[in-house]
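Chemist: Okay, these came from TrEMBL:
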- G54, F55, H56, R57: FAD binding site (BINDING)
- R57: substrate binding site (BINDING)
- 12-437: domain 'Amine oxidase' (DOMAIN)
Amino acid sequence: MDEDVIIIGGGLAGLTAALNLCEKGYRVLLLEKRGRTGGRCSTWKDKGMTVQSGFHRYFSNYSEMKKVMRQVGVNIEDFILWQNKMDILIPDKKETAVFGIAPISSPLAFLQGIIGNSHVLSRQDKYSVLRFIFSGIKDFMVNSRNLENESVQGYAERHKITPNAYSTLISPSTYCLFFLPPEEFSAKAYFDFFVPALFARMGTYKGSLKEVVSDPLTEGIKSRGGKIKLSSCAERLIIKDNQVKGIKLNSGDILTASHFILATPLREAQPLLRESVGSHPWFAPMINMPTTSGLSIEIDLNEPALAHERMTLGPQTALLCFAEQSRSALKHLPGRLSALLGHPERLINLSDQEIYKLVLADAKKLGMDLKPHIINYKVVRHSGNRFHSGPDYNWMRPDQKTPVKGLTLAGDYTKQPFNITTEGAVISGKKAAQVILDDKERI
């Protein structure tokens with residue numbers, strides 16, 4: 001055997017699995033098709049511009065994320081800028097609403113947000129939002145599985161949320177979480193994220209995710225004897241007699257190991273599994289699991305676009321969720337606006353120039369005249385690399401352990417308490433490593 005374990009995919013799940021196995025003395029080789037590790041936590045250069053895969057948020061209840069970073073000597077909360085407010089810019093009205101987002105750690109700001117903002121939300125709007133939230137908390141606590149078959153839109157309608165509250169708060173929030181409109185987003189997935197987050201603190205990273213997360217993990221693996229090979233793409237899993245015998249790379253090389261962890265995004269794992277185990281009923285739900293796309297834009301400016309370093313919503317525009325990052329993650333830049341764009345399924349096939357023009361027009365509606373200040377921009381497409389968090393899809397998520405000997409799965413799409421988050425990726429990677437450790441213990 002070439003190695004004890006070969007891990008296919010160098011995102012956060014793959015890095016976590018590799019680190020935990022290296023610490024137990026396994027010979028580990030991690031393969032990554034791109035020229036960098038980190039996956040959705042990566043940062044890279046594009047024609048001189050520093051590009052991130054999106055603007056990420058960290059929550060204080062990410063306990064496994066804290067643990068894995070401590071393993072490589074990083075106290076991740078030293079690199080977090082905590083936030084307790086969120087802004088909502090109202091299009092064409094030059095109005096801003098400020099809401100508290102940390103009811104436990106910053107109760108005053110939270111109460112001020114509820115009591116104030118009457119120029120944006122009426123008393124009836126606020127009552128309907130509170131009814132929606134408290135009903136969701138109750139249903140989450142009693143039996144969250146009952147929420148699985150209902151969309152956020154259906155749940156909001158059933159609890160009579162007002163149209164203004166729906167378009168101002170609910171619709172932007174689902175896009176901000178998982179790039180999905182409320183009618184396609186499972187109420188269970190929504191409250192699975194929302195309820196624990198109510199009792200946590202939210203922050204942004206004081207540095208790029210490459211510096212804070214992926215580089216320390218990468219170096220931690222190497223220092224423990226693990227090997228990482230970049231620009232190495234898996235072409236085919238070699239499976240015989242219900243056991244993985246090896247992997248063929250697009251270079252033609254064939255590598256062998258006792259164990260393989262498939263830690264690629266779902267859309268990349270599906271064709272590999274379809275070819276090798278497509279007839280196996282255990283894999284059918286995962287292979288047929290729908291995916292969803294995301295779309296973001298990074299804009300370098302000669303000055304900050306926003307006065308505050310806060311998550312900001314722009315309801316009824318393409319700029320549904322955005323933030324200024326030049327005061328936190330990218331301090332070397334005079335200004336950096338990072339935005340998650342709404343309706344990615346409609347926009348993703350437009351040209352970069354068309355998306356850019358739409359963003360400029362909608363930014364103007366929100367009171368931001370960006371064009372005179374723009375230095376450069378980059379549209380980042382995330383085509384089908386997230387599992388779909390829609391109603392009645394959660395059952396399709398597979399366990400990390402598969403019925404094929406020597407094959408384990410890792411990725412935030414696998415079964416674990418979180419959805420598409422860094423915490424979910426870490427938990428899945430840890431579980432995948434434990435499958436292999438348990439297998440050896442049984443021998």
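Placed from the backbone N, Cα and C atoms, the Cβ positions cover glycine too.
Unlike curated records, TrEMBL annotations are generated automatically.
For each listed feature, how buried is it and what is near it?
Modeler: DSSP gives H56 (FAD binding site) a coil state; it is part of no helix or strand. Around H56 (FAD binding site), the same-chain residues at least 6 positions away in sequence with a Cβ under 8 Å from its Cβ are C41, T204, Y205, L209, T422.
Cβ-based neighbour count (10 Å, all protein chains) for R57 (FAD binding site) stands at 19.
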Chemist: Restricting attention to the domain 'Amine oxidase' (12-437), give the mean pLDDT.
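Modeler: Taking every residue in the domain 'Amine oxidase' (12-437) and averaging pLDDT yields 93.
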Chemist: What count of other C-beta atoms do you get within 10 angstroms of the C-beta of F55 (FAD binding site), across all chains shown?
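Modeler: Its Cβ has 24 other Cβ atoms within 10 Å.
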